[in-house]
Amino acid sequence: MSEDEEKVKLRRLEPAIQKFTKIVIPTDLERLRKHQINIEKYQRCRVWDKLHEEHINAGRTVQQLRSNIREMEKLCLKVRKDDLGLLKRMIDPVKEEASAATAEFLQLHLESVEELKKQFNDEETFLQPSLTRSMTVGGTFHSTEDEADPQSMTQIYALPEIPRDQNAAESWETLEADLIELSQLVTDFSLLVNSQQEKIDSIEDHVNTAAVNVEEGTKNLGKAAKYKLAALPVAGALIGGVVGGPIGLLAGFKVAGIAAALGGGVLGFTGGKLIQRRKQKMMEKLASSCPDLPSQTDKKCS
């Protein structure tokens, strides 16, 4: 049984897959978004204990999300190859939503670090404590020029750095690692489905090319078979005419037998056996009409 025969039609797995794409994973993503809002709020207010607790809860949501994506992946791997295109359209929206949510969560911290570094290098604003990768966005900064002109004032919300002696600093690093792993899982899952579809497309192209080659090859083999069949009586007649008599007849028939053996790949096993039987009958007749000619049986005995 081939690998594809062990798989099933998409319609059999569609209800289970849609449960993940429309209910389970969107629910996890909504919960993750709420954690992100709370994390930003607690860090801005410097409520470190609450922030630490929210990091832990968000990490649990990320782990649950990873688990659900893996379960959905197992279902998708059971879908037959000819349904992969439809499957891809079914899972792409939730996959993109998960990827965007993870990137947004991580980008929040990245933009904070980059902005504060820029402010530090320009020496135009108040410097926050030393930066680490475990930072998010919060307080408001104003440049001197912005304060002079309220119409052109821009606000950059940068969250304060989490003190290294707070548990929230360590819990954020753990959450950050979980988010990166989740992002990689979503990417790998997407690549898996896409690679399977590309493999199917490649196989179809090769099958179409092979079909054309087989058709052309069949035509050529047919022509070759006709030419060989037409040549057999001619070659047999020429040799038989030169030798003459019963021996000449045998020689001519032998040429036909050799040609048939060489052309067995074209004529097939059945055709070869048919010629062989005819040859045997002819030799038996010749042996009976020519007593001096040894038979095949006598040759074997000798």
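Using the three backbone atoms N, Cα and C, a Cβ is placed for every residue, glycine included.
Note that the structure is predicted; figures quoted are calculated from it, not measured.
For 53-123, the entry in Swiss-Prot reads coiled coil. In the predicted model, the coiled coil (53-123) has a mean pLDDT of 86.
The domain 't-SNARE coiled-coil homology' annotation in Swiss-Prot covers 162-224 and rests on sequence analysis.
Contacts of Lys41 (N6-acetyllysine) defined by a Cβ separation under 8 A and a same-chain sequence distance of 6+ are given as none. DSSP classifies Lys41 (N6-acetyllysine) as helix under the three-state reduction. Residues or ranges marked as N6-acetyllysine by Swiss-Prot: Lys41.
As annotated by Swiss-Prot, phosphotyrosine applies to Tyr157.
The feature phosphoserine is assigned by Swiss-Prot to Ser289, with similarity to another entry given as support.
Look at Swiss-Prot and you will find 229-275 tagged as region 'Necessary and sufficient for localization to autophagosome', backed by similarity to another entry.
The motif 'Endoplasmic reticulum retention signal' annotation in Swiss-Prot covers 299-302 and rests on sequence analysis.
The annotation topological domain 'Cytoplasmic' is assigned in Swiss-Prot to 2-228 (among others) on the grounds of sequence analysis.
Residues or ranges marked as topological domain 'Cytoplasmic' in Swiss-Prot: 276-302 (among others).
Annotated transmembrane segment per Swiss-Prot: 229-249 (among others), in sequence order, evidence recorded as sequence analysis.
Among the features that Swiss-Prot reports, transmembrane segment is placed at 255-275 (among others).
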